[in-house]
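Participant: Quick paste from Swiss-Prot:
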type	residues	note
TRANSIT	1-35	transit peptide
DOMAIN	36-306	domain 'Deacetylase sirtuin-type'
BINDING	57-76, 139-142, 248-250, 274-276, 292	NAD(+) binding site
BINDING	101, 104	substrate binding site
ACT_SITE	157	active site, proton acceptor
BINDING	165, 168, 206, 211	Zn(2+) binding site
C-alpha cells in the first residue's frame, strides 16, 4: 500500500489553467489501492447516490470525432495548442489565433453528441424526477453536453461559441459560420498552409453600440485564471456530492486535475471511465477502461430500484 499526497487547499485558490504534472505538495494523503472494475458494485453505489458530480474531459468528445489538441499529434499547422491558446499568442498574432479557433468552431458545428454525452444527459433528466441531482463539470469547450441536453452544466474552460470583447468585456453567444467574412475558407490545419494574415480590423468585432472592439474566444487560455465565482460553485457541488464520475479526462490540466482526488479524499466513491489509467486512477474506488461511449451508458442506466415515472 502506497500513500500519495495531494494538496487540498480550497479550489478557488488554484485558478490557473495549464498543463503540468499532478501536484506532489504536502496535504491529505490518499490511499492508493487497485480500483475495482466490478460494474455491479458501482451500480449499488449509483443506486444510493443522491448528488452525482460528473467530471468530463476531451476523451468524452473524441468519440464524436472531435480532434484532440492536447497530447500526441495535437497540432494545428506546425503549432501545438499550448502555443496558440495563450494571451501572448493572441496579442502577437490575433489573425493566426482566430484562424485556429475558426477551424475548431467549423469542425464542431458538424459534430454531434455521442452515447456518453447522451447517457449523462438522460441520467440527469431521469434522476431529477426522483429528487436526485446530477451536475456536469466539463473542461471541454465544444458545447456537446449542452447539445445532448445537460442543464446542470459548468463549462469551466468556456465555450467555442461565445466571444468576449477585449475592449468592453461583453460576452455573447455566437454561432455564425463563418464568424466573420474575412475568415471564410480560412483555418485549414495542414502544416504547409500559410497564415492568412488578416488585418486586425477585419477580424471579429464587437457589435455593442459604439464599441467595435476586437473580439476573442470566450475560453480560458493557458496561464489565465478561471472565474473564481464559477469555481466557487463547482467546489460547492464537489463538497455535496456523494458519488463522483470521471469521464475521459487525463488528470493533467489544473485545476480540474484536483477535483476528483479531492472528492476521494473525503471518502466519497469515485469512478473513472477512461481509455487508460491516469496519475489519479489508483486513488479512485472504480476504474472502467475502454471507450466511454460503450462503458458509460450501462453504468448510468436505470437501476432496478428506481421508480419509473
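Glycine is treated like the rest: Cβ placed from N, Cα and C.
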Participant: For residue 101 (substrate binding site), list the number of other Cβ atoms lying within 10 Å of its Cβ atom.
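Facilitator: There are 23 of them.
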Participant: Would you list, in sequence order, the residues of this chain other than 165, 168, 206, 211 that have their CB within 8 A of the centroid of the site's CB atoms, where the site is the one recorded for Zn(2+)?
Facilitator: 166, 167, 169, 170, 207, 208, 212, 213, 215
Participant: Going by Cα-Cα distance, pick out whichever of the binding-site residues 57, 61, 101, 275 is nearest to residue 211 (Zn(2+) binding site).
Facilitator: 101
Participant: On the 0 to 100 pLDDT scale, where does the domain 'Deacetylase sirtuin-type' (36-306) sit on average?
Facilitator: 95
Participant: Quick check on the binding-site residues 165, 211, 275: which one has the highest count of other Cβ atoms within 10 Å of its Cβ?
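Facilitator: Result of the Cβ crowding comparison: 165.
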Participant: Taking every protein chain shown into account, which of the binding-site residues 168, 206 has the largest tally of Cβ atoms within 10 Å of its Cβ?
Facilitator: 206
Participant: Using the alpha carbons only, what distance in Å do you get between residue 65 (NAD(+) binding site) and residue 165 (Zn(2+) binding site) once rounded?
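Facilitator: For residue 65 (NAD(+) binding site) versus residue 165 (Zn(2+) binding site), the Cα atoms are 30 Å apart.
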Participant: Please work out the number of neighbouring Cβ atoms within 10 Å of the Cβ of residue 61 (NAD(+) binding site), leaving out its own Cβ.
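Facilitator: So the number of other Cβ atoms within 10 Å of residue 61 (NAD(+) binding site) is 28.
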Participant: If you count CB neighbours within 10 Å, which one among the binding-site residues 65, 248 has the smallest count?
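Facilitator: Checked 65, 248; of these binding-site residues, fewest Cβ neighbours within 10 Å: 65.
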Participant: For residue 139 (NAD(+) binding site), find which of the recorded positions 104, 157, 168 come within 10 Å, Cα to Cα.
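Facilitator: Those near residue 139 (NAD(+) binding site) - Cα within 10 Å - are 157, in sequence order.
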